[in-house]
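A quick write-up on the structure given underneath.
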Amino acid sequence: MSFVSQPWSNISIEFDDVGLLERMTTFALSTIPSCVFLFINGTILFTLRSKSVFRDTCRYILLFNLLIADTAQLAVCQVLFLLSVCRITLTYPVCGMLTVLGILTNVISPLTLMVMSLERCVAVCLPLRHAMIVTIRNTRLAIIAVWTSSSLHNIFRVILLLDFPFEDLDSLQMRDLCSELTMLLGSRSKMYDNAFTGFLFVSAAIVIISSYVGVIIAARSASTGKASALKARKTLMLHLVQLCLSLSSTIYNPMLIALIKIVQTVVFLRLHKFLYVLIILFPKCLSSLIYGLRDQTIRPILLSLLEFVSPFQSFVL
């Protein structure tokens with residue numbers, strides 16, 4: 001998980017050289033796509049709650065949970081990015097609340113992908129027992145377990161922060177811009193965060209790849225529908241791509257730290273904005289498009305809602 005802003009301590013970058021026009025351009029290029037995809041996410045979330053076929057189907061319940069996490073994370077990332085562009089610093093408590101929300105939703109995404117992959121694997125490998133294993137009750141329990149795991153991770157991070165001597169500070173006002181890395185106060189926090197991130201993504205990759213292999217093996221069985229197996233394989237491959245996109249955000253801050261050492265400040269500032277759109281914003285926007293346009297049940301409802309809203313928006317504008 002990574003946010004934008006100053007990803008290291010005791011390094012100050014002067015943004016005053018950046019002109020007003022460039023700041024406004026950056027604001028527009030990042031905010032407009034974010035608002036568009038937040039609107040699309042909101043439309044899909046409304047769609048998933050508006051029909052009983054979605055509310056009573058386990059995979060759509062899991063999809064709703066995934067989109068909730070992605071939408072919240074996209075909103076937090078955009079807020080922190082705009083704060084960094086405007087050079088607005090926060091207090092430690094406010095920054096802590098924002099980063100906790102971002103980390104909470106960021107952990108939920110790969111965990112939910114793991115559960116969705118297992119659900120597809122059961123549907124293909126154990127079709128006769130799928131309805132008994134993948135029930136509404138079990139799905140809700142899985143979602144509770146996902147949120148609980150992410151919450152425990154955040155609680156442990158907060159406990160590690162207690163070692164930091166906040167009482168020695170003159171003020172709780174931060175000198176650096178708010179980001180997840182600026183809230184990693186102490187070597188133990190950094191070690192734990194790196195270890196947890198590595199464990200999380202390796203575990204998710206193992207589960208998704210194992211599910212994919214299981215589906216391939218089941219597809220060779222005469223008792224398994226070939227069309228169903230092929231569709232499940234494509235879905236699992238899609239989950240693996242999504243996991244890679246989520247993982248890409250973890251290289252963002254290390255990349256910025258490496259760049260500041262080898263490029264000039266003005267060049268770095270522009271690369272910082274470009275990399276934000278490419279590595280942070282773009283991957284967060286894909287989930288809604290992937291599912292909204294790919295799913296044959298969601299797509300017609302989504303398109304009809306977007307067509308209904310578009311004329312109204314044009315009239316308002």
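Glycine too: its Cβ is placed from the backbone N, Cα and C atoms.
The domain 'G-protein coupled receptors family 1 profile' feature in TrEMBL is assigned to 40-291. According to TrEMBL, the transmembrane segment annotation covers 27-48, 60-84, 90-118, 139-162, 195-219, 240-262, 274-293.
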Best-packed against the transmembrane segment (139-162), counting Cβ pairs under 8 Å over 60-84, 90-118, 195-219, is stretch 90-118
Taking every residue in the domain 'G-protein coupled receptors family 1 profile' (40-291), the average pLDDT works out to 80
Sequence-distant residues near the transmembrane segment (60-84) by C-beta distance (under 8 Å, 6 or more away from its ends) are 3-6, 27, 30-31, 34, 37-38, 41-42, 44-45, 48-49, 53-54, 90, 98, 101-102, 105-106, 108-109, 112-113, 115-116, 119, 136, 139-140, 142-143, 146, 177-179, 276, 280-281, 284-285, 287-288, 291
